[in-house]
Amino acid sequence: MEGHSDMEIIRAVKGSATGEINVHLVARDSAGSHPHLPTTTFIIPTNAATLGLPSTALDVSYPREPVHVGAAERVAGSEPVTATILPQLSTGPGTNSTVRLLDWTGVSAPLAGSGMRFRINEYATQNMIEIERPRSPEQRHEGGTAGREADIQHPDVHKDPQEVIPQEPSVDAGSCKCQTCGPQQSIGLDVGSSGDRCPQPFQKRSVIVENSGCTVASELIKPMKKRKHKEYQSPSEESEPEAMKQGKGKDPDREPTPGTSENEEWSRSQLVSSEKKEGWSWESYLEEQKAVTAPVSLFQDSQAVTHNKNGFKLGMKLEGVDPQHPSMYFVLTVAEVCGYRLRLHFDGYSECHDFWVNANSPDIHPAGWFEKTGHKLQPPKGYKEEEFSWSQYLRSTKAQAAPKHLFVSQSHSPPPVGFQVGMKLEAVDRMNPSLVCVASVTDVVASRFLVHFDDWDDTYDYWCDASSPYIHPVGWCQKQGKPLTPPQDYPDPDSFCWEKYLEETGTSAVPTWAFKVRPPHSFLVNMKLEAVDRRNPALIRVASVEDVEDHRIKLHFDGWSHNYDFWIDADHPDIHPAGWCSKTGHPLEPPLRPRESSSASPGGCPPLSHRSPPHTKTSKYSFHHRKCPTPGCDGSGHVTGKFTAHHCLSGCPLAERNQSRLKAELSDSETTARKKNQSNLSPRKKPRHQGRIGRPPKYRKMPDEDFQALPPSVVHQSLFMSTLPTHADRPLSVCWEQHCKLLPGVAGISASAVSKWTIEEVFGFVQTLTGSEDQARLFKEEMIDGEAFLLLTQADIVKIMSVKLGPALKIYNAILMFKNNDDVFK
């Protein structure tokens, strides 16, 4: 049977001249039924002056904590319980052959083999400032024998610096400082009592003196290292620091082991990915590639500007040119600011029309600019052109107009001499460079003018200056022996004559002397620079000059396939010298490494550095495989341009199999150009839409009268709303394969099929989906067909169409699933 003994009182009494110190250990049975056991007294010779004990007795009471004594070590409580302190002897000079019991570190020192610690007070005497509480039986059992053996150390081993107790400020000789409560005044230092009564727990565990029935010199108890307090942790919490310790010093690019946590692998992969991007630099890359960058002198001032700060803020409103219709000015809102670039949103229209410009772009103007210059401004959807007012619009939308000083001043730019509105010239079709067509000057702003091709829609228009290599004086084609494309539907295209045409239209030609000759650029092949990815304009990548012409360069994105190469003007605002991104604060996409490109295959999982956040073990769905498998693609952008993100190969603008689709959208195909070149008198492409030239409305068949009854604050709801999340790294809010089963009539239907639905078909689908005829009737009243239905956002359904949130979520999720099915089927 196991017995217990309590460490009750140790009385240290200052001895006589011999300096004896009697240490009494009194053991008592826990039940109190046995008399006191025999005690063992150790007489340790030392000088009282060495210890500096006060004249009064020093009583030290230990907390009454039971000490386990094995039954095999004592029989019926007859054997004494012995605790021994082994002093460190010092025979150096000046020690007077005394025993140095305290190991001084600064002004405090612990007593070896005990939990007591002493310090020197302002009177140069030693006071005990701390005593540690013995461990409970449960704590001792937790440590076990292995823990005791690991904690025992020799007196000459230095302690861990973390375990050195800092000096307590201003504690006088008569005070005891509790670890938790603070100083306690007492005449006789009774630390054990104050510690017992302290309502707050001790922060450290004590070292217990183990008892032995038979002890020899080699088995004397040695000073023990204090064990740090360990908070209770759940198994998952305990495994995390262990995994972190195991991960130190290992290769960050190693493959995950079976015992490695998936969450840890994802966190590590994100860190590695960010380190790769942050660790990339132009200097090291140029040294590695043995290449040179394009000198800054080769760029225009607008391309190389880095000293100006981008002062535009989110939500600011301004006026700007529509890139798809360069002759039209729209109300725009700053939807995103990145470095020295802006993403602009057309107020009242879908985000699929958003576009990027530099902050110094000449195509943007402050609010009210159109009134001062006499231009025509297209108001947001729902506003009448003649009733639109900037002041009223800003109040209704609670928005701020972009300050005028943020725009590039164009007042110092003189107008082009000789170019006036209505004058005729010959111009190259930028979408079909092999064609030179009859054109007119339709607008002049500062030093630029707008070139418009006669009798064609404005989608072919472009802005240029007098030195543009794409414009020529009247009669240039005849002198060069090149065919001239007459205006569309010209009565007698075979016999087109400039003199007759100018007389019929009552116009004049731009003087020949007004045209300026632009010298060719000086870019060389293999020069490095930074360029906007035209397939995903939000990104700027490291590029190289692959080929050159007089006024154009062919760019290649380093590390990517040559299928992505494209031609661009040498003065285009989307190319910048090396280092432009870092100076303006814009992220730069580093070159795609061969390892990255080979580690991911079409249809497979992306490499570790491109992983999505892992799902937990309790999660029902995993979005790891919903990531775009194209190497180096972050999931942003879409091949159709209608969405801001994608997660399938069919929607990736960087996928090689989609390049034909992209080229068809970026410019007309070479086949079409050849056909037009062979028959230069054949009509060009018909206008993309009949009637009023401009951006197609959000609801194609919704009459304008329906919007007049809506307040402006309700109409302007499409800002910052997207059909898909902008960041594809974030998991989608639904799992298509599972949730499509919960929505009737959604599975197996693609967006291409929905776009052909009639108004009645949309009405029937909404009625079946929501089970409410009233909700479906709203779509019928608004004359929403399939194509308009796919353009709806959640905010449109809830706020504009006043559909309740529950049915609106079903409808919007159905739209997202249609689009996802379209990607899957393709």
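The backbone N, Cα and C atoms fix where each Cβ goes, glycine too.
What Swiss-Prot lists as region 'Disordered' is 134-155, 220-272, 586-623, 663-705. Annotated phosphoserine per Swiss-Prot: Ser136, in sequence order, evidence recorded as similarity to another entry. Positions annotated as compositional bias 'Basic and acidic residues' by Swiss-Prot: 242-256. Sequence annotations record features per position, and here Swiss-Prot assigns repeat 'MBT 2' to 388-487. Per Swiss-Prot, site 'Mediates recognition of monomethylated and dimethylated peptides' is recorded for Asp429. Residues or ranges marked as repeat 'MBT 3' in Swiss-Prot: 496-591. Residues or ranges marked as compositional bias 'Basic residues' in Swiss-Prot: 612-623, 683-700. Summarising the annotation, Swiss-Prot assigns Zn(2+) binding site to Cys628, Cys633, His646, Cys652 and lists sequence analysis as the type of evidence. Feature annotation from Swiss-Prot assigns domain 'SAM' to 757-821; the stated evidence is sequence analysis.
Here the features listed in Swiss-Prot are painted onto the structure.
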residue: Asp429; record: site 'Mediates recognition of monomethylated and dimethylated peptides'; Cβ neighbours (10 Å): 23
residue: Cys628; record: Zn(2+) binding site; Cβ neighbours (10 Å): 26
residue: Cys633; record: Zn(2+) binding site; Cβ neighbours (10 Å): 24
residue: Cys652; record: Zn(2+) binding site; Cβ neighbours (10 Å): 25
Three-class DSSP assignment, Cys652 (Zn(2+) binding site), comes back as coil
Secondary structure split (DSSP) over the domain 'SAM' (757-821) reads 50 helix, 0 strand, 15 coil
If you measure between the CA atoms of Cys652 (Zn(2+) binding site) and Asp429 (site 'Mediates recognition of monomethylated and dimethylated peptides') and round to the nearest Å, you get 29
Taking every residue in the repeat 'MBT 3' (496-591), the average pLDDT works out to 95
Its residues classified by DSSP, the repeat 'MBT 2' (388-487) shows 19 helix, 34 strand, 47 coil
Cα-Cα, Cys628 (Zn(2+) binding site) versus Asp429 (site 'Mediates recognition of monomethylated and dimethylated peptides'), nearest Å, comes out at 36
The repeat 'MBT 3' (496-591) resolves under DSSP into 19 helix, 28 strand, 49 coil
